[in-house]
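**Q** Following this message is one structure expressed as structure tokens.
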Amino acid sequence: MARVQRDGGDDSAPTTELPAVRDQDPSAVSEPVTGSVNGRKVPMATDKARAIPEAAVARLAVYLRVLSGMAEQGAVTVSSEELATAAGVNSAKLRKDLSYIGTYGTRGVGYEVDVLTSEIERVLGLTGQQKVAVVGIGNLGHALANYGGFPGRGFPVEALFDVDPDLIGIPVGGLPVNHIDDIPDICAKRKIAIGVIATPPTAAQAVCDRLVDGGVHCVLNFAPVVLQVPEHVEVRKVDLAIELQILSFHVARNAEQRASRRAAAARASSNGEVV
Ligand SMILES: NC(=O)c1ccc[n+]([C@@H]2O[C@H](COP(=O)([O-])OP(=O)(O)OC[C@H]3O[C@@H](n4cnc5c(N)ncnc54)[C@H](O)[C@@H]3O)[C@@H](O)[C@H]2O)c1
């Protein structure tokens, strides 16, 4: 089977094919084309599939989290400005992101919170549960296995694996740790959708191969190594060091911009200009 190198960064997968959506001017705010699913009004899909940038997919997940908080507080509708502000983006970007999924607010009303929530969930594939297995139950694996926030978001942790004999059979977060030899069998039986790799980098590829053998199609890789996977397997890599380096770049750039603004103000002031 053909294998490709994946590190899950934006460059490797800049767009994602969405389920069919309406093709329409992204900036338009108009009456949505709606139908009914289980008695709920939802936008209707057309036969035109459309790619969505990875960055927009990430923002959809943020909108979903914000919408869930609004729903908890009893909000029924939300304007694009309110939702954009709460999500930390501008409203034009929000409307464009939502246009990718064929969702358009109603002028003067905005979006119905429950309809928009269902639509984003559908597009992100969150309408069902995506079972998760964690491999490598060390510091990070323990934290992930014990974190209670995943099941509520549709990601129940259903299997844990390690190679350390002292850990096998020990419950972590209520689940016993299994040996990695059982990864293919258990993942296939429990229909695990997502494998999380929290092993040392040297072990990650072999672990990934076992997950793939068990039918796992999505891998979230915390180990600092690029994985080889078959074409049909999606890998996302989480690298805190890279995130810190990106933050550091922004901090340095902001400092430079402040320094050059101060220098310009000092020059203007020494020339007698009002600044
Ligand atoms: N991406 C990030 O931001 C981030 C942050 C912290 C750690 N990490 C990475 O996550 C990984 C885990 O870090 P940690 O601090 O939890 O390490 P750790 O040493 O505490 O835990 C590693 C676990 O993996 C197990 N293991 C070793 N070989 C294995 C194998 N072949 N199969 C299954 N399990 C095996 C060990 O028994 C141990 O329980 C490392 O690769 C680390 O670099 C990434």
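Each Cβ is built from the backbone N, Cα and C atoms, and glycine gets one as well.
Heads up, TrEMBL stuff is auto-annotated, nobody curated it.
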**Q** Taking 62-101, 222-261 as the choices, which stretch does TrEMBL tie to DNA-binding region?
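**A** That would be 62-101, the stretch labelled DNA-binding region in TrEMBL.
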**Q** I want to check the contact list for Gly138 (NAD(+) binding site): same chain, sequence separation of six or more, C-beta distance under 8 angstroms. What comes out?
**A** Asp162, Ala198, Thr199
**Q** Which chain neighbours of the NAD(+) site, leaving out Gly136, Ile137, Gly138, Asn139, Leu140, Gly141, have a Cβ atom within 8 Å of the mean position of the site's Cβ atoms?
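**A** Apart from Gly136, Ile137, Gly138, Asn139, Leu140, Gly141, the close residues are Val134, His142, Ala143, Leu144, Asp162, Ala198, Thr199.
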**Q** Under DSSP, is Gly138 (NAD(+) binding site) helix, strand or coil?
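**A** The three-state answer is coil.
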